[in-house]
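**Student:** Dropping the structure in here first, questions after.
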């Protein structure tokens, strides 16, 4: 079977999966939109998939890293800007996604983001120069991810109050689950179809954000009426407590994405094979899932301690991240990588569930957009600096 026919077959199968699995959920969401319990379930499923398609994909880009270095004959630091630009644009444009969600509702915004994220990776599969990857993945897909992630997380944070941390933790486990699934899958696709074919198929996977966006409400019914102003919430830039929180998260962000960009290449320089490296990264995704669920459950036991627990998980992540370059061999490096996955996964729900304690529930949506915009500086410069 030729590559083109195989790609067509897999894409058709993915479309069928959308119809038979996601379309009934869309129908169910329309019929139970007034039932709080059922709607909460639909919301969690939708945002779980969306979070996985955004950051699960970003975390899996390390598989492409050695291929890009070789094909474009560029330094590791230059190639690192592909992922950094995508993360930075996703975070920098988050206020736009939140503002559009306030005016139009989450559903059309997320659907548009799904199209853009898929389109960017489709264009990337035809790139012949490195700057084209910056524009396609960093610019187009990054903008699409901004329109997907922030409105989805804000919807979960605003909807749940009693189990907010656990709900955020469950949604963000999608990142670990998709990382676990995509890392070995992309390694196989790169070997079978080259990085271009793998990127083309990944664009088809990204298109699944479109039916997931259709699962959301047609309008932001759960938001307070005064939140409909397009510039509502920008006064938070004068809130010193919020700015200190943004600075802390920015510093966290500078180191958070480094292992997901460079760890596969680092393992290869230490003599670990391609499949073993992909398998270890998949285990990082599994540990990430456990960390997010455990941290969400622990935080909900005492919601007022969300910020201290966030500090604890951040400190542990920093310690393990510092130990990673010192590890040698499959076992030691794998143990350190899994420990980092657990701690890094555990801190993520706290970043979102702590926002209501910092700014209040009514300002969560604009605060989330501004937080992601300000922390984009860390995501932009962290991986390239560490790759020099």
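In case you wondered, yes, glycine gets a Cβ from its N, Cα and C as well.
Pasting the feature list from TrEMBL:
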| type | residues | note |
| --- | --- | --- |
| DOMAIN | 4-388 | domain 'Major facilitator superfamily (MFS) profile' |
| TRANSMEM | 6-26 | transmembrane segment |
| TRANSMEM | 38-58 | transmembrane segment |
| TRANSMEM | 78-102 | transmembrane segment |
| TRANSMEM | 109-127 | transmembrane segment |
| TRANSMEM | 133-160 | transmembrane segment |
| TRANSMEM | 167-189 | transmembrane segment |
| TRANSMEM | 195-216 | transmembrane segment |
| TRANSMEM | 237-257 | transmembrane segment |
| TRANSMEM | 277-295 | transmembrane segment |
| TRANSMEM | 307-328 | transmembrane segment |
| TRANSMEM | 334-359 | transmembrane segment |
**Student:** Same-chain Cβ contacts of the transmembrane segment (334-359) under 8 Å, 6 or more residues past its ends?
**Tutor:** 153, 157, 164-165, 168-169, 172-173, 175-176, 236, 239, 241-242, 245, 249, 252, 256, 259, 263, 280-281, 283-292, 294-296, 299, 303-304, 306-307, 309-310, 313-314, 316-317, 320-321, 323-324, 327, 367-368, 371
**Student:** Taking the transmembrane segment (133-160) as reference, which of 78-102, 109-127, 237-257, 307-328 has the most Cβ pairs under 8 angstroms?
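**Tutor:** Highest pair count goes to 78-102.
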**Student:** Quick one: find which recorded stretch in 38-58, 167-189, 277-295, 307-328 has the most Cβ pairs under 8 Å with the transmembrane segment (78-102).
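**Tutor:** Stretch with maximum Cβ contacts: 38-58.
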**Student:** Determine which recorded stretch among 38-58, 167-189, 237-257, 277-295 has the most C-beta pairs below 8 angstroms with the transmembrane segment (307-328).
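**Tutor:** Looking only at 38-58, 167-189, 237-257, 277-295, the most contacts with the transmembrane segment (307-328) come from 237-257.
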